[in-house]
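Student: Copying in the features that TrEMBL gives for the protein in this structure:
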- 2-323: domain 'Cation/H+ exchanger transmembrane' (DOMAIN)
- 382-504: domain 'Cation/H(+) antiporter central' (DOMAIN)
- 519-660: domain 'Cation/H(+) antiporter C-terminal' (DOMAIN)
- 91-114: transmembrane segment (TRANSMEM)
- 120-142: transmembrane segment (TRANSMEM)
- 163-181: transmembrane segment (TRANSMEM)
- 239-260: transmembrane segment (TRANSMEM)
- 272-291: transmembrane segment (TRANSMEM)
- 303-326: transmembrane segment (TRANSMEM)
Amino acid sequence: MFFLFSVAVKMDPKMMIRPGWKPAILGLSAVFTTLVFSLLLAFALKRYASLDPSVAKPLPVIAAAQCLLSFQNVASVLTELKMIQTDLGRLAVSSAMFCDLIGICFMASAFAVLQTSGDYPMISVLAILVFVIFVLVSVYIIRPLILKSLSLVPEGRSIGESHITAIFTVLLVVGFISEMIGQHFMFGPMVIGLVVPEGPPLGAALTAKLDIPVGKILYPAFLTASGLKTDIFCIHFQGAWTVALIVFLSCVVKVGAVMLPACYMDLKIQESFVLGLMMNVRGLSELVLYNLFLDVEVLKPEAFALCVVSVILVTAITTLLIKLLYDPSSRLTPVRRRTIQYCKRGTELRILVCIHNQENVPAMVNLLEASNATEESPVTVIAVLLIELVGRANPMLIAHQSHRLLQPSSSRSGRIINALRQYELCNEACVTFQSFSSISQFDTMHEDVCRVALDQNTNIIILPFHKQWEIDGSIGSVNRAIQNMNAQVIEKSPCSVAVLVDRTTLRGSRTILNGQSSYHVAVIFIGGADDAESLSYAARMVMHPHVSLTVFRFLLLGSDNMRERKIDNNLIDEIRHVNIGNERFAYQEEIVRDSVGLAASATRLGGSFDLILVGRNHQESPLLEGLGAWIGCPELGVIGDMLAEPDFERTASILVVQQQRLKGKVMKRISKPVVIDQEPFHAT
């Protein structure tokens, strides 16, 4: 009872009632096509095959159960496979929620009949009507009462233990009422779980309270009890092949029933097949159902054992096939260059910024302002708010249209978005702003970020660093979940990506939006594609009238990769030529003998700069020999990690840039650079 309540709390009733046309069509096709076929097959076998009565009698019930689809099963398996944030995963979860609604209606009707043994049809009809009334009372009376009590809780405060105790007491009473009105005791608590308001403070608190007693104690105990009830030695060959035939053909029919409409939804045949496999997943919900059937003696021991074995085998096979046939990362592979360096002249620069908290905003705004949006080369900013999923277990990616933005006084998300919108308002003619919220667990959040970057054709993703500095220079907070997410985005990004190490706290949150402050930028250039990308970004920044740029190029004394050196020389010569006469541009070369000299020279920078750009990876060179052994944050690369160390007594923020990778490999570099979209600025 408590397990089904916790499952219901994690479900979104709005998505169950209004799933959208795609999940609705898929759900209806999967449920009713499988139901009709499996029942016809069961009645045919029951009539023409010689079966043991203990298997023949419940055969239609076993066949009908094959059409059911549980959100809990689908969500659990896809979460384990890290596919719940994929397009197919979202479609499967939405369809499963809609199918759960159909399944609840079916099972409520079935148990109303079973409670009266089918001998009194009018009593069964009355039990169904009373259950409908109970649902209406829960929606229109119990839910408003819960909302009213929650309105008395101050904003930002957690609910008291009295609320939790009251809800759990109501569950016990409702379970008793369910039995009294002719239903099974599990249906009442499930309905109450659906009407509980989503997310914090109540939904999240209830799931947290139930995690240990249900997830760590009752759940394993239930599985153990189910295993003890399963007597595989009572299974006979005749019953085994009959149930196996029904289960196998039902799975095949369900896959076909999903594939047919999915192909008309522009899904590939392989993706449609995988979606069908996802909707065939079995699990704990089926075990609960079969245990209930065993309790009311619908299933005999042999039939129960066959059903349990079928759940195990179908889940094992479908999970393995899904993992083998579907690679979510393949959809994130771009077909063209998405970088700043190779951004065509006169086209807009599309930047995706990830925001985790309010402290990320000032540095991001300064970086966006320094990106120099003009009418000839506008900037589109795609902001993705990183919100960890709590309460409901339905991962969502919600596009916030401008007229739907939350108000600053009511939401942290609203405050962040409005702060970013100040940048758009100050550059109204040449800046476009969009915002999204990634509401999911951090271990799958990178899928959202990469998907938005691919769909929005972004040139670069800006990620927040997982460490934040206090005003005295010490590290104030460390978020390992953000670090892991950054590493995943860097590995799978469909475009260039950068990590912003924010140190504006140490310098004071100065802004260049008002045009009264100068923004000093430096580039550490050693060579390679990533350094070229960082230099190309900086070359765009220096066209801003309040940004100055100094390029520090480090050369190894002696020989080097001549081809890479030539490409780097062409890039630097192009930028220097464009900035002839620009007093805000400076170029310095420094020849060093080894990595010690490089580290000593690099660590001297930072005191007079607001931002330092550096590539994440560099071509193999003795300049970096030995430095990688001490790296603490691999996502920053060797030089970026060295500059971001707390003992690096400088106040400059660091932007570590990685140019777009294709299938994990560095793209072939082009000799002719494309770096500047505007005419050079000439000092008078």
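Each Cβ is built from the backbone N, Cα and C atoms, and glycine gets one as well.
Remember, it's a predicted structure, so these values are computed and weren't measured experimentally.
I'd like these features described in context: how deep, what's nearby, how far apart.
Tutor: Within its own chain, the transmembrane segment (91-114) is flanked in space by residues 11-12, 15-17, 19-20, 22-24, 26-28, 30-31, 64, 68-71, 73-75, 78, 84, 124-125, 127-128, 131, 182-184, 187, 190, 275, 278-279, 289, 292, 296, 298, 394-395, which lie at least six positions past its ends and keep a Cβ under 8 Å from the stretch.
Counting residues 6+ beyond its ends, the transmembrane segment (120-142) has Cβ neighbours under 8 Å at 108-109, 112-113, 170, 177-178, 181-183, 187-188, 191-192, 194-195 in the same chain.
Packing against the transmembrane segment (163-181) from elsewhere in the chain are residues 1-2, 5, 127, 130-131, 134, 142, 149-150, 187-189, 191-192, 196, 202, 205-206, 209: each is 6 or more residues past its ends and has a CB under 8 Å from a CB in it.
Under 8 Å from some Cβ of the transmembrane segment (239-260) lie the Cβ atoms of residues 26, 29-30, 33-34, 37-38, 41-42, 45, 49, 51-52, 54-55, 59, 62-63, 66-67, 269, 272-273, 275-277, 279-280, 302-303, 306-307, 310, 314, 318, all in the same chain and six or more residues away from its ends.
If you look at the transmembrane segment (272-291), the same-chain residues 6 or more away from its ends with a CB under 8 A from one of its CBs are 3-4, 7, 26, 30, 65, 68-70, 72-74, 76-78, 88-89, 91-92, 95-96, 99, 107, 186, 219, 222-223, 226, 229, 251, 254-259, 262-263, 299, 304, 307-308, 310-311, 314-315, 318-319, 321-322, 325-326.
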